[in-house]
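> Not my notes, these are from TrEMBL:
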TRANSMEM  6-25  transmembrane segment
REGION    50-85  region 'Disordered'
BINDING   PRO91, THR92, TYR93, ASP122, ARG159, ARG164, ASP189, ASP190, ASP191, HIS304, THR305, ARG306  UDP-alpha-D-glucuronate binding site
BINDING   ASP191  Mn(2+) binding site
SITE      GLU222  site 'Interaction with galactose moiety of substrate glycoprotein'
ACT_SITE  GLU277  active site, proton donor/acceptor
CARBOHYD  ASN296  N-linked glycosylation site
SITE      ASN314  site 'Interaction with galactose moiety of substrate glycoprotein'
Amino acid sequence: MKSVLFSRFFILLPWILIVIIMLDVDTRRPAPPLTPRPYFSPYVVGRGGARLPLRRGGPDSGPGRGWQKRNESRPQPRPEPPLPTIYAITPTYSRPVQKAELTRLANTFRQVAQLHWILVEDAAARSELVSRFLARAGLPSTHLHVPTPRRYKRPGLPRATEQRNAGLAWLRQRHQHQRAQPGVLFFADDDNTYSLELFQEMRTTRKVSVWPVGLVGGRRYERPLVENGKVVGWYTGWRADRPFAIDMAGFAVSLQVILSNPKAVFKRRGSQPGMQESDFLKQITTVEELEPKASNCTKVLVWHTRTEKVNLANEPKYRLDTVKIEV
């Protein structure tokens, strides 16, 4: 029995030695060079969340060099010009619907990129209501105040003149000692309703742009009449003989035009109710230079809605609430 086992062992022994020798030789062979295929690192994230391929080895294998060399042959996109800032000047005054209308306006402005809100109170000091409102609005804003002289508060006289001029003065002072970035000025009263499309239209204003306004002048809308891309007249329900028969919400002005005309303001002397738009625009442009927007002034993107006058007749008839609530 032992002789049989020994004979089989000596028969298998040469083959075992051959296998051991072959394995030892294979492990001593040099490792094959790395393939040029890229690998992905979970710590390098490209645009849109895609991982970027990296390369191993080589003299240009420093941080980021591999990705840079891979893009040398590709055309680099041109940097986009800065988005013009829209400066919205809003005169406001204390009244029961003030916060409600400012809330509606702020909800619109939050959806507009690169907008700076200049809110000007008709008051001798900033009110707590408006200060708290702006602090919570989450908008780039400037809070100003200037009172309207009592002699100008009579019915039939132009309103918000001092407040709009205060906004103009702030803009000019802000850009007095620095190169003005692209910008557009818009007078955004707080009793209007604005389509977001309107802000897209006005942002390309080169000098003064115009468009229709709904629910003004005793008509469904007023608008500039346009032929061959030029304003040639006015569709209006009140004083079509005005040089610029347009509502305050119906135009925007380039910031550069405002800075180039430092004396252009809203005037009290010699200005009649409903004529302040014309008196202001005459100082900075002509009808021939106006830029029609909103599909050649055929689309209404802003409405002079006005909040209904609030009925508070029952307030003095009943005992006031013990909790003071801001409305």
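Glycine is no exception: its Cβ is also placed from the backbone N, Cα and C atoms.
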> Between the recorded positions GLU222, GLU277, ASN296, ASN314, which lies closest to ARG159 (UDP-alpha-D-glucuronate binding site), Cα to Cα?
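Going through GLU222, GLU277, ASN296, ASN314 one by one, the closest to ARG159 (UDP-alpha-D-glucuronate binding site) is GLU277.
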> How far is it from PRO91 (UDP-alpha-D-glucuronate binding site) to GLU222 (site 'Interaction with galactose moiety of substrate glycoprotein'), counting Cα to Cα, in Å?
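Spelling it out, the Cα of PRO91 (UDP-alpha-D-glucuronate binding site) and the Cα of GLU222 (site 'Interaction with galactose moiety of substrate glycoprotein') are 22 Å apart.
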> Select the closest residue to TYR93 (UDP-alpha-D-glucuronate binding site) from the following recorded positions, measuring between CA atoms: GLU222, GLU277, ASN296, ASN314.
GLU277
> Pairwise over PRO91, THR92, TYR93, ASP122, ARG159, ARG164, ASP189, ASP190, ASP191, HIS304, THR305, ARG306, annotated as binding UDP-alpha-D-glucuronate, what's the top Cα to Cα distance to the nearest Å?
21
> Which one is it: of the recorded positions ASP189, ASP191, GLU222, GLU277, which Cβ has the fewest other Cβ atoms within 10 Å in this structure?
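Each of the recorded positions ASP189, ASP191, GLU222, GLU277 was scored by Cβ atoms within 10 Å; lowest is ASP191.
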> Please tell me which one of the recorded positions listed here (ASP189, ASP191, GLU277) sits closest to ASN296 (N-linked glycosylation site), measuring Cα to Cα?
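That would be GLU277, nearest by Cα distance.
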> On a C-alpha basis, identify the one among GLU222, GLU277, ASN314 that is nearest to THR305 (UDP-alpha-D-glucuronate binding site); the candidates are the recorded positions.
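That would be GLU222, nearest by Cα distance.
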> For TYR93 (UDP-alpha-D-glucuronate binding site), list the number of other Cβ atoms lying within 10 Å of its Cβ atom.
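That number is 17.
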> Give me the CA-CA distance between ASP189 (UDP-alpha-D-glucuronate binding site) and the residue listed as 'active site, proton donor/acceptor', in Å, as a whole number.
13
> Take the C-alpha atoms of ASN314 (site 'Interaction with galactose moiety of substrate glycoprotein') and ASP191 (UDP-alpha-D-glucuronate binding site) and report the distance between them in angstrom, rounded.
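It is 25 Å, counting Cα to Cα.
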> Using other CB atoms within 10 angstroms as the count, which residue among the recorded positions ASN296, THR305, ASN314 scores least?
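If we count Cβ atoms within 10 Å for the recorded positions ASN296, THR305, ASN314, the smallest count is at ASN314.
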